[in-house]
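Chemist: The structure under discussion is supplied below as structure tokens; questions concerning it will follow.
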Amino acid sequence: MAQGLIEVERKFIPGPGIEERLQELGGILEHRITFRDTYYDTPELNLMRSNHWLRQREGSGWELKCPGASGISGPHTEYKELTSEPAVVAQLCEVLGAKGLGDGSMAAVLGPLGLQEVASFVTKRSSWKLVFPGVNEEEPMLKVDLDTADFGYAVGEVEALVQKEAEVPTALKKINSLSSMLGVPAQERAPGKLIVYLQHFRPQDYRRLLEVNSSTEDTSR
């Protein structure tokens, strides 16, 4: 697999006063933005069923999230993020068993790979960054995103980006500590926006994912 940053995150249902609590903890509001995400997969959902999530974000390009390898269980997710278009194409070809397309652009391979739009929605997001007192300046700060999708679902996520699998346990410890300070129940597992979208608007696809992975409701996308 092509190299990419490892995203460790935990989703939660934001309660009232969450932004005030972030400010109390020293959180800094980075920005408030609105964007559209469009997700792609094959008609058989071969990507999602193998825990790969292909997204095109308006103004930001393509991203493919691939399952991480730490093997640490809990109410969090770990994904390797690929954002370079050649890396995304190469990984898609590997996952979908396609040969001879590795040098193409995303626009060129969508059709040959059988990829089609499965979901598209707009999200309003406020992004916050926090650093724990005494943390080494070289260590990545935690990021908290508070999202509200245009179909009415609100979800938050605490996230850290690391470069090596060996850094995942430390990042996860920080994520869980901040989640606790934000009042998130220890075992809360909040579904991601895409899963809720499929549940509401493409229930047949949602059920197909459940057949493959009974923890689909906990997945991060």
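Each residue, glycine too, has its Cβ placed from N, Cα and C.
All TrEMBL annotations are machine predictions without curation.
From TrEMBL, for reference:
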DOMAIN    5-200  domain 'CYTH'
BINDING   GLU7, GLU9, ASP145, GLU157, GLU159  Mg(2+) binding site
BINDING   LYS11, ARG55, ARG57, LYS65, ARG125, GLU157, LYS193  substrate binding site
Chemist: Can you figure out which of ARG55, ARG57, LYS65, ARG125, LYS193 (the binding-site residues) comes closest in space to ASP145 (Mg(2+) binding site), comparing Cα atoms?
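Modeler: When the Cα distances are compared, ARG125 comes out closest.
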Chemist: For a quick check of packing: other C-beta atoms within 10 Å of the C-beta of ARG57 (substrate binding site), how many?
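Modeler: Within a 10 Å radius of the Cβ of ARG57 (substrate binding site) lie 14 other Cβ atoms.
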Chemist: Please report the number of other Cβ atoms within 10 Å of the Cβ of GLU7 (Mg(2+) binding site).
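Modeler: So the Cβ neighbour count for GLU7 (Mg(2+) binding site) comes to 21.
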Chemist: Quick one: pull the CA-CA distance for GLU9 (Mg(2+) binding site) versus LYS65 (substrate binding site), whole Å only.
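Modeler: Roughly 12 Å, rounded to the nearest whole number.
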Chemist: Cα-Cα separation of ARG55 (substrate binding site) and GLU7 (Mg(2+) binding site), in Å?
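Modeler: About 15 Å separates the two Cα atoms.
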Chemist: By CA distance, which of the binding-site residues (LYS11, ARG57, LYS65, ARG125, LYS193) lies nearest to GLU159 (Mg(2+) binding site)?
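Modeler: Given the candidates LYS11, ARG57, LYS65, ARG125, LYS193, the nearest one is LYS11.
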